[in-house]
Ligand code: AOF
Ligand code: ZN
């Protein structure tokens, strides 16, 4: 299963909308017959990839898969049937399929007389597809809220200027994280005021391919000339102020990981709705003393009411070039409130 997990995490597989899945076929003495993995939506599932390589030798084999074999005809056919037809004797999988459309493979296999065992290294398998699993379980995308602040918690100066709080190294790091998401989300106000491009660019400032979807949330009309409407990536308008409605709309568009880069109002709305799943913040060694907070009013009047988060990672980002600052990236997750 560890080998199957490593195959699932093979580099070069595009993020979403499909999970990463790995499969190893073993003979009755535990020797590897074939290995397979899924290479993105529309390509063969991991099980089928391995079965194709094994050919007739799959008869009587054990299939070790990181995800419960699917039982549906989607972009490709059901893996449960493919395993039965190949005469596989035993299937061991890690994660139960949380996708209601595809689930049921374990039962189909058992009904056909195949020995089935689930739950082996399940936590590891869920971690390989953290956002996909979350989205399937919750019916909405996973939300990473990212912001940059000064040492005194300001994201913009008193006059509204905010270029640049974070260092060049931090900005490049942000692009790396954007590339791991499938959607960039901001409010109409950010488009109005900052006119961001919202694309993922590399060190040479060239856009990478594929680009995440750019989503603009809010009711305000915006001029077509805004950069977010250019043709460097796809853009959708979400004509709502309700964070959950926006996320459900994105889920319907097969989106599983939202990178929330909006201003303080949008951040506060998501936080208050309990719709922030991860926080990434860049801390710059700079003081402003006045100016805009990263997040708007959360309705917290006293210290006992403070929102608490747990730190999951702290990374020092060294200067990229002379004159650049050292920044600190802190990754956190909200603590469950009582
Ligand atoms: C994958 N790769 O190796 C396995 C998957 O409609 P499709 O063909 O794109 O199927 C996607 C669903 O199939 C996916 O959400 C998951 O539930 C199931 N298993 N998917 O993309 C694989 N084994
Ligand atoms: Zn399948």
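Yeah, the Cβs are placed from backbone N, Cα and C, and that goes for glycine too.
Keep in mind that this is a model prediction, so the values were computed, not measured.
So that you can see what the record holds, here are the features copied from TrEMBL:
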type     : residues                                              : note
ACT_SITE : 47                                                    : active site, proton donor
BINDING  : 45, 70, 79                                            : Zn(2+) binding site
BINDING  : 148, 164, 190, 194, 263, 264, 265, 266, 267, 268, 269 : NADP(+) binding site
BINDING  : 162, 178, 198, 201, 261                               : substrate binding site
DOMAIN   : 1-117                                                 : domain 'CMP/dCMP-type deaminase'
**Message:** With the Cβ atom as the reference point and anything under 6 Å counting, tell me which of the binding-site residues (45, 70, 79, 201, 261) are near ligand 2.
**Reply:** 45, 70, 79
**Prompt:** Could you give the Cα-Cα distance between residue 70 (Zn(2+) binding site) and residue 162 (substrate binding site), in whole Å?
**Reply:** 48
**Asked** Mean pLDDT for the domain 'CMP/dCMP-type deaminase' (1-117), as a whole number?
**Response** 96
**Asked** Listing them in sequence order, which of the recorded positions 47, 162, 261 have their Cα within 10 Å of that of residue 267 (NADP(+) binding site)?
**Response** 261
**Tally of residues which DSSP labels helix, strand or coil - the domain 'CMP/dCMP-type deaminase' (1-117)** = 34 helix, 26 strand, 57 coil
**Asked** For residue 162 (substrate binding site), what residues in its own chain, 6 or more apart in sequence, show a Cβ-Cβ distance under 8 Å?
**Response** 155, 156, 194, 292
**Fill in**
Quick note, residue 45 (Zn(2+) binding site) and residue 178 (substrate binding site): C-alpha atoms separated, nearest Å, by 26
**Item:** Entries of 79, 178, 190, 198, 261 which, being binding-site residues, have CA atoms within 10 angstroms of the residue listed as 'active site, proton donor'
**Value:** 79
